[in-house]
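Per TrEMBL, these features apply:
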DOMAIN    34-425  domain 'Major facilitator superfamily (MFS) profile'
TRANSMEM  43-61  transmembrane segment
TRANSMEM  73-92  transmembrane segment
TRANSMEM  191-212  transmembrane segment
TRANSMEM  243-268  transmembrane segment
TRANSMEM  280-298  transmembrane segment
TRANSMEM  310-328  transmembrane segment
TRANSMEM  334-353  transmembrane segment
TRANSMEM  365-388  transmembrane segment
TRANSMEM  400-421  transmembrane segment
Amino acid sequence: MQTDAETSTDPASLVTAPTQQAGGLFSPLRQSRNFAALWGGQTLSRFGDILLTFMLPLIVYDLSASTAAMGKIMMLMMLPQVILLPFTGLLVDRLNRVRLMIGTDIVRLGLLLLLAVFSANDALTLNTLYGFAVISGAMSAVFNPAYSAVRAQVFTPEIRNAANSLTTSSSQVAQLIGPSLSGVLIGLTTYTIALGIDALTFLVSIGSLLLLNVSAPIRASKQEFSFVQDLLGGYRELRKSSWLWMTILAFCFINIASGGVLGILLPWLVKLHLGWDGTAYGLVLSSSGVGALVAAFVFGRRQVWRRRGLMAYTCTSLSGLTLIAMAYTESLPLLMLLSALEGGLMMIFGLVWEVSLQELVPEEAFGRVVSLDIFGSIALMPLGYLATGYLAEAFGGLNIIQIDGVLVTLLAAGMLLIPAIRKFD
């Protein structure tokens, strides 16, 4: 296995500009029409994603007050991604990425309209949601790497840090406002109306994508490669940087623990254990957005950050402590504070990772690399989600929250013992 020192893709060699203040968080909107179109559409459609994320656990727990059922839903949503992602990256690097995104948005629009019809006729069942989860997961396996690859094209070096921070900040504004609005919407209307509104947000995404002027993927040469060689291209790129492949491997396990808490046990904690309503759950999720928004704003103010490996994994390790503390609180303000801290800490890691990918991976291989990134991050999550649900029922949700938090803290701290990670700059 090659190390960073043995290759020309060492991040320190790619970032030569001195640390300085960026041109402003909103400067990419003035400098790039493509960025403005992509940012505007995906920011608005993000509200629909948050509405679904908020609503799905509530629907599941209304149909069956079972963490095992919720775990199965999450498993079925992740499993198609695990199976398809190694191959969808190849599609992203061969086909028109924007058209792939539009196609998946059309399918997901139809799925949500179908769910709304089922809900209107009181026909929503767990089996219906299981089917939705499988198809939705398959569409995500195509959309997510395509979106990441398009961002790598649109986020040119002169706007990269600000563009990433503004995109993430906007997403977190949606995360801040979206859950509260979702709670009010569901409280005042019905799941049917909420599903219909969610479906409409995909029209916004489709409209913005039609405005993009992004070139087709560029091949490294005109030589024809075999399917297997092309498929292995992403793996070869990952081998060039210890930071990349080690981080993907680490988060294969870190995401099992953190995802189990945030995706399954946090809604259980709020709705079933503490007995709070949807408004309280919305406030907790919104608080995560506040923390992430502050972190993204701070990150975007500088054009270059140093000692990024140390910064990223220290934040990840500290986020595990916030998960542990969640098991000990019965106060809504305190739970909101912990959620804000967790959101901010993980936002720092996410921004460091996103920028490093865009720096280290060439455009012609980006789709395959980001597919391997997503694949590695979620490869064990279907099993993790399923295990989290059943373990919580067997040993208690609070105990599993604490165990997951300890795992996040120790795994991230352990990564800092590796020089290639700790010294990544």
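Yeah, the Cβs are placed from backbone N, Cα and C, and that goes for glycine too.
Averaged over the domain 'Major facilitator superfamily (MFS) profile' (34-425), the predicted model has a pLDDT of 86. Of the Cβ pairs linking the transmembrane segment (400-421) with the transmembrane segment (280-298) and spaced 6 or more residues apart, fewer than 3 are under 8 Å, so the two regions do not touch. Contact between the transmembrane segment (310-328) and the transmembrane segment (334-353) is supported: at least 3 Cβ pairs lie under 8 Å, counting only residues 6 or more apart in sequence. Note on the transmembrane segment (73-92): residues 56, 60, 100, 126, 129-130, 133-138, 140-142, 144-146, 149, 217, 227, 230-231, 234, 259, 263-264, 366-372, 374-375, 378-379, 381-383, 385-386 of its chain, located 6 or more positions outside it, place their CB under 8 angstroms from a CB of the stretch. Within the chain carrying the transmembrane segment (280-298), a Cβ under 8 angstroms from the stretch's Cβ atoms is held by residues 25, 50, 54, 58, 165, 168-169, 171-184, 266-267, 270-271, 274, 332, 335-337, 339-348, 351, all 6 or more beyond its ends.
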